[in-house]
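Trainee: Got a structure for you, written out below as structure tokens; questions coming shortly.
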Amino acid sequence: MKRPRGPLFLARRSYRLRRMMDAARMLPAVGMFLFFLPILWRPADTPQPDTARGWIFLFMAWAVLIALALVLARFLVRAEEEEARLSSGDPLATDQMRD
Amino acid sequence: MVPFNILVAVCLVYVGFLFLIAFAAERRAARGRVGWLRSPLVYTLSLSIYCTAWTFYGAVGYAARSGLEFLTIYLGPTLVMVGWWLVLRKLVRIGRRQRVTSIADLISSRFGKSNLLGVLVTVICVVAATPYIALQLQSVTLSFGVFASDAPEGWALPNQSATALWVAAGLALFTILFGTRNLDANERHHGVVIAIAVEAVVKLVALVAVGIFVVWGIAGGWQGVVETINSSAIAEWQLQPGRWIGLTCVSAAAILTLPRMFQVMVVENADERHLATASWAFPLYLLLMSVFVVPIAAVGLTTLPAGSNPDLFVLTLPLAQGQGQLAMLAFLGGFSSATSMVIVASIALATMVSNHIVVPLWLSIRQRTAKGRATGDVRGMVLMARRLSIGGVLALGYSYYHLSGGSAALASIGLIAFLGAAQILPAMLGGIFWRGATGAGAAMGLIVGFIVWIYTLYLPSFGEDGLISHDLMQLGPWGIAWLRPHALFGIEGLDPVLHTLFWSLSLNAISFVCGSLFTFPSPIERMQGVAFVNVFDTDADTRGWSRGGAEAEDLLIMAQGILGADEAQAFFQAEAEAQGKAGLLPDTTPEFIDRLERRLAGAVGAATAHAMIAQFAEGAVVSAQDLMAVASEAQQIMEYSIQLEAKSEELARTARQLQEANDKLRDLSVQKDAFLSQISHELRTPMTSIRAFSEILMDPELPPGMQQKYAEIIHDETIRLTRLLDDLLDLSVLENRKVQLNIKVANLHDLIEKAVRAASSTQPQRSFTLHRDPPAEHIPVITDTDRLLQVFINLISNARKYCDAERPELTISARKRGGRIIVDFIDNGSGIPKEARRLIFEKFSRLTDNNQAGGAGLGLAICREIMANLGGSITYLPGQGGAAFRVSLPVRPPKEIIERAKTS
């Protein structure tokens, strides 16, 4: 079934919010990259024991991820409000939230 | 040192405090002041039931045994939480839209409200959660034991098993009291949620306090901690990539599929926006919970005597340092972790057991025996079922603890439970992202995954010669090496957890996908598929019932039995009002039945609600045809709107045309009025002179010369009158297409020649330059030559009359283009103004008021009619530097004109 199409291009603000959603979708991949990084260097595999360094690295990465999530959550809540506003106003406008 | 009886007293006071808080919250909510009871903070804290006693005590033990690997259990959920936009948001939206009561309900509802799937998921969850609950009981008992063994009086703990029993009974009481107050799972358990939020704070504070004491009190700051870690046994830890990745994935799956996590995350969610806060706040909570784990483990390993249980370092470290109060706090933290998990898990499991096993069983028994429709007090029965289920779940946990003897390391039980719950993941993700997923596929996946998990990990976890014999473990059933529990298909050497993770989830997913690809879903399944997968797209839900059919009164009786009288009546009344009806009984439209079903689903689960409604709306269940009808209805609406769009465009076009026609009509009307006065004037002028002169002629004494002169004047005037009347008559004949045509063959050149000669009599005093191209004019024409000549004469004399140039010139050019002959008459005057061009071919239109040539303004109108009669046309040719007319006519006249010429 063909759906009615929204506008092809969005205003700057909506465009920003949309990219924030993209970023939110990519955040788990970023987290995975950070968390799986120790596999390459294998703490405790080096002659000098460096488990503590691995420990510090993981918590740093964790904190960075939380900070990123905090910033994104701010944007996404706004995006959701925008979406709710659009969908309550104009039934066709919801579709433009797709992309 | 804390005396044991003080410990028990503190513990009881703490429990009393939790009861009080839960009670106050329920009271507050009952008075409608929900407010902060449902804040993002409380939501985030309630998620912390992820951190059970396994985290509180077990994480340290895990770190002491396997270094940093314990972190994977918290990194996985972090990934899921920060990626809430991908999965959790959709899950929560679906949960709210469909009034999902548990994870079993989610799966059952998605796949056509199938109770089989509900039962399957329930069984998996109960089997996986039982050891986990046992683990919590064990941890509480063990922690009691720590204090008891240190008691100076030397009295031993009365009986470990008895302690566990008391704890289990207390928890059952609390859970039944606050967990089964209301039936509707969507109405949320305010008391329970607040209690676990408080417990979340207690366990965080306790663990952080112990951590701070260990880091700054024992190890001497971060520098000391780093040194301790690197010099302790933890430093020898080897990162195993397979386990590192695998366990992260398992824990990520578990946070989505563990029944208790689903309960707090989806079912108890009050506002989707809370998820945004939890997306960073919950990982932060996890981070704080685990930041001190490694220091505690490292310091415990180095300072405590060898052989002490690392699972209890959190308690024994402060105790060994003489910090009785800190140990007490730690004990309360561990107690909180264990109890909150057990409470929520037993609520979640009891909901599943009662909705998917007890109620359907009861319904089928009722139907078989009473032969009637099951109504009555379902509500009381469901609540009782839920209470019994809570008791049953805790009893199972206790028996497991009792039977296993509480020996296994805490961490291994946790991972086993995680892997069991993870078996639901393929069906869950497939269900919310893939419309092609079918119930049969989901059932196959779940069964295969469950069996592999049970066989390769769960049963062997009971120990050598526990439930699986040593021979079977080593040689495989019937000596088939390929079926050895820890080496399926002969692949040996894998870590048992990794082995199960790999085989169970891959076989599960493969069965699920293949099953879905090769089976055909039922209509309800397909409809639920759309409602789940496209939950963000459709505001309008798909309909589950095609026809009403049921009696509103029957439905009311049944709904009262489930929801309670007040609530059901309020719901029915609101529905009736929405339909514009007074009273309690709305029309049983499909929409109403759908909403009722969803409402009931919030209480007893989708499958049961569907079955209950189906008793009344028998034969009204949706069919494939209805499904297509719904689709085509939507299609029709869209086509209709497209048509409307086209029609409105057409309307606009027509309106424009009408506007033009109206303008023209108005002009014509003005023109007609002008003509009427004109024609009166035209008729009156000769008439006046005729009357005057005829009066004079009546005078007998008039000299004959004068008589002759006046009679001539009268004659001339009558000729003028006659000509005018002739023109009018001619026009009327032409307009009615009744003119007699006399078709002949002629040379265009001759016609033009004749016309020029005839027209020279008009205004003979003006000298006129003619431009012609005689050779081009030699074109044969077949038409009524006299009429065509009339047109030519008219055009040439018009030019002679009205061309206002000082040296008037007229260009006549003739040519053949296509099948038509085109003759242009172009003068060098000022032409006809744009606004007048529309009207010049109308009757009685004259550009100037002077009637120089005595015409009445009929010439061009007659020309137009003649040309129309001849099958040609005459048009004004703009942009030629003067007045320009184009006469065009077919080389040979059209058939109907020849016909007309013949008949006439």
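Placement of Cβ uses the backbone N, Cα and C atoms for every residue, glycine included.
Nobody curates TrEMBL annotations by hand; they come from automatic prediction.
Not my notes, these are from TrEMBL:
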type	residues	note
COILED	B:637-678	coiled coil
DOMAIN	B:678-893	domain 'Histidine kinase'
TRANSMEM	B:6-25	transmembrane segment
TRANSMEM	B:41-64	transmembrane segment
TRANSMEM	B:70-88	transmembrane segment
TRANSMEM	B:116-135	transmembrane segment
TRANSMEM	B:163-180	transmembrane segment
TRANSMEM	B:192-222	transmembrane segment
TRANSMEM	B:242-262	transmembrane segment
TRANSMEM	B:282-306	transmembrane segment
TRANSMEM	B:326-359	transmembrane segment
TRANSMEM	B:380-401	transmembrane segment
TRANSMEM	B:407-425	transmembrane segment
TRANSMEM	B:432-455	transmembrane segment
Trainee: Between the stretches B:163-180, B:192-222, B:380-401, which one has more Cβ pairs under 8 Å with the transmembrane segment (B:41-64) than any other?
Mentor: B:192-222
Trainee: If you count Cβ pairs under 8 Å, which stretch among B:70-88, B:282-306, B:432-455 touches the transmembrane segment (B:116-135) the most?
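Mentor: Of the candidates B:70-88, B:282-306, B:432-455, B:432-455 scores highest.
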Trainee: Over the domain 'Histidine kinase' (B:678-893), what is the model's mean pLDDT?
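Mentor: Per the prediction, mean pLDDT sits at 83 for the domain 'Histidine kinase' (B:678-893).
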Trainee: Would the transmembrane segment (B:380-401) and the transmembrane segment (B:163-180) count as touching if the test is at least 3 Cβ pairs under 8 Å, pairs 6 or more apart?
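Mentor: Contact confirmed: at least 3 Cβ pairs fall under 8 Å.
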Trainee: Could you tell me whether the transmembrane segment (B:282-306) and the transmembrane segment (B:70-88) have 3+ CB pairs under 8 A, leaving out pairs under 6 positions apart?
Mentor: yes
Trainee: As a test: from B:282-306, B:326-359, B:432-455, pick the stretch that has the greatest number of Cβ pairs under 8 Å with the transmembrane segment (B:163-180).
Mentor: B:326-359
Trainee: Before we move on, state whether the transmembrane segment (B:282-306) and the transmembrane segment (B:432-455) share at least 3 Cβ pairs under 8 Å, counting only pairs 6 or more apart in sequence.
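Mentor: The answer is no, given that the two segments have fewer than 3 Cβ pairs within the 8 Å cut-off.
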Trainee: Tell me whether the transmembrane segment (B:192-222) sits in contact with the transmembrane segment (B:432-455), defined here as at least 3 Cβ pairs under 8 Å among residues 6 or more apart in sequence.
Mentor: no
